[in-house]
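What Swiss-Prot records for this protein:
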type	residues	note
ACT_SITE	Ser25	active site, schiff-base intermediate with substrate
ACT_SITE	Tyr58	active site, proton donor
BINDING	Thr57, Gly73, Ala74, Ala75	substrate binding site
MOD_RES	Ser25	pyruvic acid (Ser)
Amino acid sequence: MQIHVVKSKIHRVKVTGADLDYIGSITIDEDLMEAASIIEGEKVQIVNNNNGERLETYVIPGLRNTGEITLNGAAARKVAKGDILIIIAYGIMELEEARNFKPSLVFPDEETNLLK
């Protein structure tokens, strides 16, 4: 049997922008993406700690060492600049593999979104 498990998590990052006119996605500082083992185009779940919203979108890389976290397109309506998010990517694996799997967990600086 295969199950869905947390593969990657970027915990408590601050929204730096919301671009309603962009075609969609979330832009994430590429340093954060690499630290969390999230790749361009990967589907992620966004959890907004400020308003309880949850949504799914895909990732595009932002400039390194900027702390950028920008929601684009329709998702921009679900956040405000300064909101705190949790970004989660899931994987599918066999139950036995999942028992020993260790996700990539990233806890950036809560003020700058940069890696500590």
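Heads up, the Cβ atoms here are built off N, Cα and C, so glycines get one too.
Predicted, not measured: the structure shown is a model, and the values here were computed from it.
Taking the centre of the Cβ atoms of Thr57, Gly73, Ala74, Ala75 as the substrate site, the nearby residues of that chain (Cβ within 8 Å, site residues left out) are Gly24, Ser25, Ile26, Leu55, Leu71, Asn72, Ala76, Arg77, Lys78. Take the Cα of the residue listed as 'active site, proton donor' and measure to each of the recorded positions Ser25, Ala74, Ala75: the nearest one is Ser25.
Scoring each of the binding-site residues (Ala74, Ala75) by how many neighbouring Cβ atoms lie within 10 Å, the top position goes to Ala75. Distance from the CA of Ser25 (active site, schiff-base intermediate with substrate) to the CA of Ala74 (substrate binding site) is 9 Å.
Ranking the active-site residues Ser25, Tyr58 by the number of CB atoms within 10 A of their own CB puts Ser25 at the top. Cβ neighbour count for Gly73 (substrate binding site) (all protein chains, 10 Å cutoff from its Cβ): 16. Sequence-distant neighbours of Thr57 (substrate binding site) (same chain, 6+ residues apart, CB-CB distance under 8 A): Gly24, Ser25, Ile26, Lys43, Val44, Ile46, Leu71, Asn72, Gly73, Ala75. Annotation note: Ala74 (substrate binding site) sits in a helical segment as assigned by DSSP.
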